[in-house]
Every structure is written in C-alpha cells, then in structure tokens.
C-alpha cells in the first residue's frame with residue numbers, strides 16, 4: 001500500500017533563485033560512468049557517486065512543477081497518432097501533494113522542443129588507426145540539438161487550478177482529454193473541464209510562460225462525496241466516453257455514467273466484493289461492461305456491471321497487498337498486477353477457469369511495486385516502478401541466448417559481465433529518482449515514458465526500446 005508522500009517538501013531545484021511555487025525544467029546530461037552499478041547488489045564506497053550513461057537513452061530530461069506529485073496522466077493530443085521524429089511536444093495533467101491542504105493544485109502543462117537522438121545499440125566501426133569511421137558521431141548535447149531539430153532547451157509551460165486537498169490520483173478521459181477526474185485525500189472525487197487551459201497552452205509559443213503560473217480558482221463539473229473514505233482507484237472506460245469507476249479505501253466501487261457533456265449519474269449502490277481497500281481499477285480494452293480491480297486483501301477481481309454488484313471472478317493474486325494492475329490493450333487476455341512485497345505477475349484470463357492463470361511471475365524488485373503499465377505499442381512489453389527507486393522495462397518475449405551474447409561481446413570488444421541471476425526479460429533499468437510513484441507510456445510517441453517521484457518528473461526514451469512500426473513508404 002506504498003502510496004502517499006508523507007510530509008512532503010518542495011522538490012529539489014537545480015536552478016538557483018526560483019520563486020516559491022515555480023516550476024523548473026532541466027536536462028540530465030551527466031558524464032558516463034566508469035563501471036556498471038548493479039542496484040540491490042553493489043554498494044557505494046565513500047566518495048563514489050552514481051552517474052547515468054547518456055548513451056543508454058535517446059532522450060532523458062528531468063523537471064518538476066513545484067510540490068511533489070503522486071499521480072499524473074498524459075493527455076491525448078492532435079499532433080499525430082504515431083510520432084517518431086524529434087523534436088516532440090507532450091501535454092500532461094498532474095496533481096500535487098503540498099505541505100498544506102489549501103496549497104494543492106492540479107497542473108496542466110506542456111513541454112515542447114523535446115530534442116533527442118537515436119542512439120546506436122552497437123559501437124561504430126573502427127578505422128585502422130582505431131578512430132571512428134564516422135568522425136562526427138558522438139553522444140554530446142550538441143549532436144542532440146542538431147539532430148533533434150533545434151538548439152533550444154525543452155520548455156515547460158504550466159497552468160494551475162486550485163484543488164482542495166492532496167491529489168491521490170488524477171486521470172484524463174481518453175476520448176476527451178480536457179475532462180479529468182481527481183481523487184482527493186478529503187474523500188471527494190471531482191470531475192474537471194480544463195479545455196480553457198489546454199487551449200491556452202496549445203495556442204502559446206515556447207517564448208511565453210516558462211513555468212511561472214498563478215493558481216486559478218475553478219469550480220469542478222461534479223463533486224462526489226458518496227464514498228465513505230478517501231481512495232486511489234479510478235479509471236475511465238476506453239470504449240464508452242464518460243463511463244468511469246472509482247474505488248475507495250473502504251472497499252466500495254461506484255459507477256459513473258455520463259448523462260450529458262457536463263453531468264453524470266453516479267450509482268449510490270456500490271460494487272462490493274473486496275474485504276479491504278480497493279487500490280486500482282482497470283476497464284477492459286475490448287468489453288465495455290467489464291472492469292478489473294485489485295485490493296489490499298490480496299485479490300484481483302473481474303466485474304461485469306450488467307451482473308449485479310458482486311465480482312464475476314475473484315482470484316487470490318498475491319501474498320500481500322495488490323497495489324496496481326494494468327490490462328494489456330494489445331493482448332486483452334493479459335492482466336498484470338504489482339504487489340507490496342515487490343513481486344509482479346502476469347495472468348492469462350483465458351486460463352482463469354482452469355485454476356492457475358499465472359503465466360509469469362517476477363521477484364526482481366525487493367520493495368513495493370508502485371506502478372505498472374503495458375506498452376501501448378508492443379504487446380509483450382511493460383514498465384514497472386518500485387519503492388526501491390528503480391523503473392524497469394520488461395519484454396516477456398525475450399529468452400537468454402548465449403550465442404547472441406557471445407557475438408555481442410565480440411562486436412563491442414568489451415567485458416559485458418551481466419549478472420547471471422538477472423531475468424532475461426529485464427530490458428532496461430532506469431534510476432536517479434527518489435520515491436517513484438507512477439509511470440505512463442506516451443500512447444502517441446513510441447518508446448517514451450514519463451515518471452513521477454518525490455523529487456520530480458523524468459521523461460525518458462531508452463535507446464534499446466525497439467518498436468515494430470510499419471515502414472514509411474515514400
């Protein structure tokens with residue numbers, strides 16, 4: 001149940017002289033490390049420090065919006081369904097965990113001029129004298145700027161709306177990104193229309209509003225106080241615009257049905273099947289009446305809203321609290337869940353009736369899983385974040401190939417001493433953030449992930465995430 005950021009302080013700022021409540025944005029470009037550091041295995045000696053290898057990323061950027069953020073969402077935009085060329089622009093909505101309840105807000109922000117570079121997975125070929133054949137190739141920021149389409153740093157533009165209480169979770173409607181739902185620690189679920197703020201950001205250029213923002217007062221479209229306690233679970237239907245479920249810490253789940261563009265009918269009679277807090281909810285990507293839930297009681301349940309208020313299926317999924325789950329939108333039979341003991345499992349729902357539906361179970365992380373999400377572009381890939389300050393990316397289709405490993409070592413002419421106890425499905429490990437809380441893939445930019453932690457956000461694009469996209473035919 002590792003969720004809240006207790007007694008939060010302002011996110012650490014790399015820029016001196018920032019005013020209180022101001023956001024900042026900065027590139028992460030440390031020098032390459034001298035050796036590989038294994039999380040959970042190696043220990044730092046006195047005087048040693050960790051530095052990331054920039055060649056491991058096509059893009060890496062750190063920023064914050066003031067107070068720590070427990071939850072955010074990436075907004076669907078009109079810039080293109082599949083975008084592969086730098087520079088990129090992204091839109092997000094995020095909620096704060098401020099020191100005082102009255103200081104909280106929901107931030108609607110835009111980051112533009114995200115300029116990166118496609119890294120080569122293998123080193124360039126050498127000339128006879130040992131120099132690179134491509135003498136202009138390097139991993140410097142200058143190259144990134146030239147190939148990324150500009151020499152300007154990423155620009156963060158932010159607008160804020162006052163929010164009563166800390167934001168436990170925030171989600172944007174997939175079909176109408178300007179409509180957002182927020183779960184507050186006050187026990188209220190609220191729906192918001194942020195169209196005016198998004199329109200202002202879309203119409204603004206990169207020379208205006210570099211993160212400074214006043215907090216505007218805006219009334220929500222809906223304010224629901226029917227839950228008996230605060231909660232963290234909420235999800236919009238990907239198939240029925242406006243359909244929503246919200247779950248609380250008292251084990252109750254309420255269904256929201258849209259009555260118009262700005263009104264909802266909320267069923268006061270909750271769905272009850274768990275014996276403890278409902279931690280996460282996920283609608284089926286293919287069946288409009290079906291959703292899944294997970295709970296502190298260790299169970300994952302499947303519900304059909306046409307069949308009463310009890311779950312259609314309830315499975316003992318983990319030995320401890322089940323914190324998060326994700327439904328694979330490219331392979332709808334696959335459901336993944338993450339546990340408080342650091343494990344996560346993948347289930348094939350076609351095998352539920354046979355008793356054991358677990359097709360993969362991983363014990364790599366040793367601290368609570370805080371977020372988990374399938375890739376929207378690769379059916380076998382998912383990302384996981386944990387309280388151990390690691391964000392990991394997994395490809396379930398991978399298997400260890402000793403012959404391929406030997407060939408790679410020969411081509412790199414370096415010692416590649418990967419620990420033998422690492423799962424072959426572990427594709428990438430990202431570190432550097434403290435107290436990771438939530439991650440999301442960008443559905444329109446293949447390979448891009450955004451994560452939030454106690455010390456701010458990261459945007460990352462690992463260089464070894466290969467996405468099978470259709471070729472661009474001239």
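Start at 1 and count along the chain as shown; that gives each residue its number.
Each Cβ is built from the backbone N, Cα and C atoms, and glycine gets one as well.
According to TrEMBL, the protein has these features:
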REGION    1-36  region 'Disordered'
COMPBIAS  1-18  compositional bias 'Basic residues'
COMPBIAS  23-33  compositional bias 'Low complexity'
DOMAIN    48-114  domain 'Histone-binding protein RBBP4-like N-terminal'
REGION    122-154  region 'Disordered'
COMPBIAS  131-147  compositional bias 'Acidic residues'
REPEAT    271-313  repeat 'WD'
REPEAT    362-404  repeat 'WD'
Beyond the flanks of the repeat 'WD' (271-313) by at least 6 residues, Cβ under 8 Å:
1, 231-240, 243, 245-255, 319-329, 332, 335, 337, 347, 349, 352
Please compute the mean pLDDT of the model over the domain 'Histone-binding protein RBBP4-like N-terminal' (48-114).
95
Could you break down the residues of the repeat 'WD' (362-404) into DSSP helix, strand and coil, giving a count for each?
3 helix, 18 strand, 22 coil
